[in-house]
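*Asks:* Sharing a structure, written as structure tokens. Questions coming.
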Amino acid sequence: MIKKVSLMTALSVTAFSGWAQDSADSLVVTANRFEQPANTVLAPTSVVTREDIERWQSTTVLDVMRRLPGVDTAQNGGMGQASSLFVRGTNSSHVLILVDGIRLNQAGVTGSSDLSQFPISLVQRIEYIRGPRSAVYGSDAIGGVVNIITTRAKDGTTLNAGVGSHGYQNYGGSTQQTLGDNTRVTLAGDYTYTKGFDVVADGNNGGLAQTDRDGYMNKTIYGALEHAFSDQWSGFVRGFGYSNRTAYDAYYSSFTPDVLVDTRQLYSQTWDTGLRFNDGIFHSQLLSSYSHSKDYNYDPHLGRYDSTATLDEIKQYNVQWTNSVDVGHGNVGAGVDWQKQSTEPGTNYVTNDTNLRNTGVYLTALQKFGDFTLEGAARSDDNSQFGRHGTWQSSAAWEFIEGYRFIASYGTAYKAPNLGQLYGFYGNDHLNPEESKQWEGAFEGLTAGVSWRVSAYRNDVDNLIDFDSNLQQYYNVGKARIKGVEATASFDTGPLTHTVGYDYVDARNAATNELLDRRAKQQVKYQLDTQVYDFDWSLTYHYLGTRYDTDFGSYPYQKVKMGGVSLWDLAVSYPVTSHLTVRGKIANLFDKDYETVYGYETAGREYTLSGSYTF
């Protein structure tokens, strides 16, 4: 019989903070790839459910992520525009993005995943862990790991529709049904469109500003089948795909003065299948996946197959075998994962048919000894380009008073060079991985009904890959030093639920001592939720501190300072019946004018009205 929660169906997490479940009875698996009680998780971790997304009425994944501790975001305008996700001051390429535990196939050439392109309709759960995790997951996990779960929590059918500012429209539906006692089927589809707005404020892309609207359209389809062969054995097959078209502001090139490449078309499809075994203290899963993405940039008057168009095309193959066994008051896990990324001839920046292969073997362990909890992980990766690379991490927690813990951790992590840096026009196939060493200390507890956590961390990143304009090639030349403090708390006052977060991040270039671009030094985040006469209210406050960026519209390029801003969102929902719910939201309530990327406008005040029917 299919269980409501399958151990290896999807990686799930919890946290000792207000952005996550804090039940000591919850079981989680993300932190170390094995099942463990939530109160033994030593890394700072957050989880967002589908109910949270609907309460916040978020229309993009980026809007969800910006609310979480340690996260800073930057975007070249509105929905669908290019974006960056910074976790604890690290580069956007230093965050590992997983979908159902599998690496998102979007970073093969550019090196980082753009979450503005991932459809929020696919998201049923987001699980987010901060700090180094390369010893568990391999490359990219320097700043943290974001795992997007697409599996619905329960059976049912949902139809939804919404409209809003800038011509926003959304229509979708999903259903999950159990057939007999052993088979479950899920189907979903979604369509999103917005006319958008003119994103460039002053031509910071190096040319004259385009006075046009920069819209976005997405079409998504999803299907999954799960079957339990016995009480111990089960299997699944799952597939999804999406097509995105985004208009953005570009500039006329001196080489092609009659061509304006200002449209992006992304096609992505993913298929995966797996077999699970769960028998008491031993758990195992064998999983394989295939994904294929084609990312065009072109002049819409000439088409995406014109010689002036560019293409990033990546195929990705994954095989994972994970195992865990309960031992004493803890668990031991071990596994192997294999990945191959390949490009087709003609792919942007990469002129030849190339591929990268990586095989990783890892070991994890957690054990509780009285008031002490110890965990550790070690991993060895064998990469076809740069050979072997090892990482490790360890953490220890001491519950010095009941309900209060001190946690100390240290870990190493790395980021492998991407295909563009290795094999592109300016590539260097002698590049080494970027490497990180991180320390963190934290106190957490429950005081007078307030669940809180305060942590301080330092992250030294060496061998950063940068482009040398004189030599016209990529080299391992950069270094970054990041120091920060993170504090979260959650509590109730009568019918009001409060969640508060504060982030201080000092992220600097170690050679020049300059602050890294687009990272706010301070952020304050506050979430208030309540119910009044069956109306569910959600009020969000976000203070985004001053940041620095580069003005590419000047020569030579100059650093510019972007001022801080206070943003308020208000969302309300009302259950008309037990099946029908209507929702409304005002984002940027006071219509603040600000930028997260210099020279690119944000949306201003926006309104959305939506409804869902569930049966």
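Any Cβ shown, glycine's included, is placed from N, Cα and C.
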*Asks:* Of the candidates ASP198, ASP258, which one does Swiss-Prot list alongside GLN210, ASP212, ASP214, ASP249 as binding Ca(2+) 1?
*Replies:* ASP198
*Asks:* According to Swiss-Prot, ASP212, ASP214, TYR248, ASP249 bind Ca(2+) 2; so which of ASP231, ASP262 is the extra one listed there?
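*Replies:* Answer per Swiss-Prot: ASP262.
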*Asks:* May I ask you to indicate which of 50-62, 518-530 is given in Swiss-Prot as transmembrane segment?
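*Replies:* Spelled out, Swiss-Prot records transmembrane segment over residues 518-530, not the other listed ranges.
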*Asks:* Looking at 100-117, 280-297, which one does Swiss-Prot call transmembrane segment?
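*Replies:* It is 280-297 that Swiss-Prot annotates as transmembrane segment.
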*Asks:* Transmembrane segment per Swiss-Prot sits at which of 65-81, 354-370?
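*Replies:* Comparing 65-81, 354-370 with Swiss-Prot, transmembrane segment matches 354-370.
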*Asks:* For SER84 (cyanocob(III)alamin binding site), which of the binding-site residues ASP198, GLN210, ASP249 has the nearest Cα in space?
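*Replies:* For SER84 (cyanocob(III)alamin binding site), the spatially nearest of the binding-site residues is ASP249.
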*Asks:* Mind checking which residues reach the transmembrane segment (329-338)? Cβ under 8 Å, same chain, six or more beyond either end.
*Replies:* 32-36, 40, 138, 317-323, 357-369
*Asks:* Look at each of the binding-site residues, ASP212, ASP214, ASP249, ASP262, and point out the one with the fewest other Cβ atoms around it within 10 Å.
*Replies:* ASP212
*Asks:* Do you see any of the binding-site residues ASN91, ASP262, THR310, ARG518 whose C-alpha is within 10 Å of ASP249 (Ca(2+) 1 binding site), and which ones?
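*Replies:* Correct set: ASP262.
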*Asks:* Give me the sequence-ordered set of same-chain residues, not including ASP212, ASP214, TYR248, ASP249, ASP262, with a C-beta within 8 angstroms of the centroid of the Ca(2+) 2 site's C-beta atoms.
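*Replies:* Result: ASP198, VAL199, VAL200, GLN210, ALA247, ALA250.
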*Asks:* Between the binding-site residues GLN210, THR310, whose Cβ has more other Cβ atoms within 10 Å than any of the rest?
*Replies:* GLN210
*Asks:* C-alpha of ASN91 (cyanocob(III)alamin binding site) to C-alpha of ASP198 (Ca(2+) 1 binding site): distance in Å?
*Replies:* 27
*Asks:* Taking helix as H, G and I and strand as E and B in DSSP, count the residues of the motif 'TonB C-terminal box' (598-615) in helix, strand and coil.
*Replies:* 0 helix, 10 strand, 8 coil
